[in-house]
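> Here it is, the structure, as structure tokens.
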Amino acid sequence: QLSEDVERVSENPTEEREGEMEVNEDSSSVILPDGELGTTTPSLRFSKTCLKNVFSVILLFIYLLLMAVAVFLVYQTISDFREKLKHPVMSVTYKEVSLYDAPGIAFYPGKARLLSCKHHYYDHIPPLINAGQPGDIECTTQRINYTDPFTNQTMKYALVVQGPRDVKKKELVFLQFHLNETDQDFSAIDYLLFSSFQEFVSSPEKAKFMKDCESSYSSWKFSGGFRTWVKMSLVKTKEEDGTETVEFKQETSVVNYIDQRTKPRSDQLFFVVFEWKDPFIQTVQDIITANPWNMIALLCGIFLALFKAADFAKLSVKWMIKIRRRHLKRARQVTNHIS
């Protein structure tokens, strides 16, 4: 409204001058007392103009403050975006499956011998009839020799067994080992898990495959004289370069085996059960929570507010200058009229 008034005054300067001349003629025809001459109307106009100038200055400072806040928001937004790029957030998702890819279980029995291996379902293991005697081996097994990947000198012997697949039927693999004698005070068999038994079978270089598995996966032990339950869960990790690594997490519970053989023996029996913990495959990947499009939209809004504030401040300054010039012009007219 103020800018429209200024434009209207600038478009009709002659009418304003004619009006001022009529006012001057009328005021010249009226004789005012000495005390009231040029005191009432100019003082009111000066007070209104002063108030307008004060409010304009306050409004200008408010918009300058808003501009400072907008600049701070721009800096903070860019800093947060860079910080989120440096520190991604770990995302964990679970995928439910009915069948797993059968894992490979590599045993390092040493002098121990595999007596029996069977697949059972619905988490039911029948009692052993002839413990310590050779039984049925119904599992798919392969034997392989390869050099130790850490020393490259020692030969290692591994017995690779196909693990359980059907998680809905609670498929499990039950194995029994026998060790006739040992030089140590305790006896244990090492084993490791890798993701796919089929990859091992189809690999043209099985020795190299086992060396890579031993270098990548952790190994565990199960002791003699106990029945050990191993519940496996599969974890897939997606790296930043797009590669995917697979590892196993396991929960182990140990139950004492009561040897009911008639004669006391010095040999050791090993019993171990492998089954899946749940039908969920855990996928872990790092994600960046900073969205560049959100940041660009926020910056555009902030810069638009900055330009609008700067434009308003510019117009406010021009309006203040015009008001000041008009006030000085009227003061000079009143002074000329009095003189």
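Placed from the backbone N, Cα and C atoms, the Cβ positions cover glycine too.
Pulled these from TrEMBL:
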type: COMPBIAS; residues: 1-16; note: compositional bias 'Basic and acidic residues'
type: REGION; residues: 1-27; note: region 'Disordered'
type: TRANSMEM; residues: 54-75; note: transmembrane segment
type: TRANSMEM; residues: 293-317; note: transmembrane segment
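Looking at the shown structure, what environment does each listed feature sit in?
Only residues 6 or more beyond the boundaries of the transmembrane segment (54-75), in the same chain, are considered here, and those with a CB under 8 A from a CB of the stretch are 298-299, 302-303, 305-306, 309-310, 312-313, 316-317, 319-320.
Long-range Cβ contacts of the transmembrane segment (293-317) within its own chain (Cβ-Cβ under 8 Å, at least 6 residues beyond either end) map to 3, 56, 59-60, 63-64, 66-67, 70-71, 73-74, 77-78, 81.
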